[in-house]
Amino acid sequence: MNKKRKILLVNDDGIRADGIILLARLASRLGEVTVAAPDSQCSAMSHRITVHGELTVKKVDFQVSDVTAWSVSGTPADCVKVALHYLLPEKPDIVFSGINRGYNAGVDILYSGTVGAAMEALVNGIPAIAFSNEGNDVWEAAEEYLLPITEKLLEMPISRNRIWNVNFPGCSPEKIKGKGILWDRLPSQVEYYQDHYVRKDLPDGSFLLTEDGIPALTAPEGTDMRALLDGYISVGQVRNMVLREED
């Protein structure tokens, strides 16, 4: 493996999240890793950036040896910008975003801070892979399959306006069906987490809503959601609609 590859890691769950710690441990086998991640939970930030106020950037102790890590008081996309302009001496070879706690599949991709950070990498001419895991805190399948999938993706050509999007079921490797991986999955045209709010009425006539999304039970064949519902790892591409596609 090429230990000289420069890898930037980012996420939206925050710098202390289990997913980015696992990703850093695995990615360190592929190259030199730098982490720049939000200092707090930043899920569903999409490609949002900070345009008002200040960003605090701090070097932090990290749970993976030989990994330099920084926290940023901003969004996932902010973290990519800060790393490229202030933390790294040169552009990384690739950006890994994740591992998100919760699938990023179907229409939910549009809301994802994990995907937003990967798209920010594309804006700066850097290839990117977004990784997500079922939101049940079972990481064994990701731990088993992430490296071989990543090594294959690093060898595969991809247009400069597309990222790879990888989703892992939260289960043991033994429970992954068939060969374990379905490639070239298309984003489903519906949300994986269907809108559902818990309502609490207040005495003044206003009310509170708490998001409590209900997972989808079905999806069309060939889509990322169908692969996940059937117990497979889903790998596919997500296109940036602004950037021009080049071979």
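Note that Cβ sites are derived from N, Cα and C of the backbone, with glycine treated the same way.
TrEMBL labels come from automatic prediction, so no person has curated them.
These come from TrEMBL:
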type    : residues                    : note
DOMAIN  : 7-178                       : domain 'Survival protein SurE-like phosphatase/nucleotidase'
BINDING : Asp12, Asp13, Ser43, Asn100 : divalent metal cation binding site
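All protein chains shown were included, and the count of other CB atoms within 10 Å of the CB of Asp13 (divalent metal cation binding site) stands at 23. In the three-state DSSP classification, Asn100 (divalent metal cation binding site) falls within a strand. Of all Cβ atoms in the shown protein chains, 17 besides its own fall within 10 Å of the Cβ of Ser43 (divalent metal cation binding site). Summarising model confidence by region, the domain 'Survival protein SurE-like phosphatase/nucleotidase' (7-178) averages a pLDDT of 96.
Residues near Asn100 (divalent metal cation binding site) in space but far in sequence (CB under 8 A, at least 6 apart, same chain), listed by position: Asn11, Asp12, Asp13, Gly19, Ser43, Ser112, Thr114, Ala130, Phe131, Ser132, Asn133.
Sitting within 8 Å of the Cβ centre of Asp12, Asp13, Ser43, Asn100, and not among those site residues for divalent metal cation, are the Cβ atoms of Asn11, Gly14, Ala17, Gly19, Gln41, Cys42, Ala44, Pro76, Gly98, Arg101, Gly102, Ser112, Gly113, Thr114.
Cβ contacts within 10 Å of Asp12 (divalent metal cation binding site), excluding its own Cβ and spanning all protein chains shown: 32.
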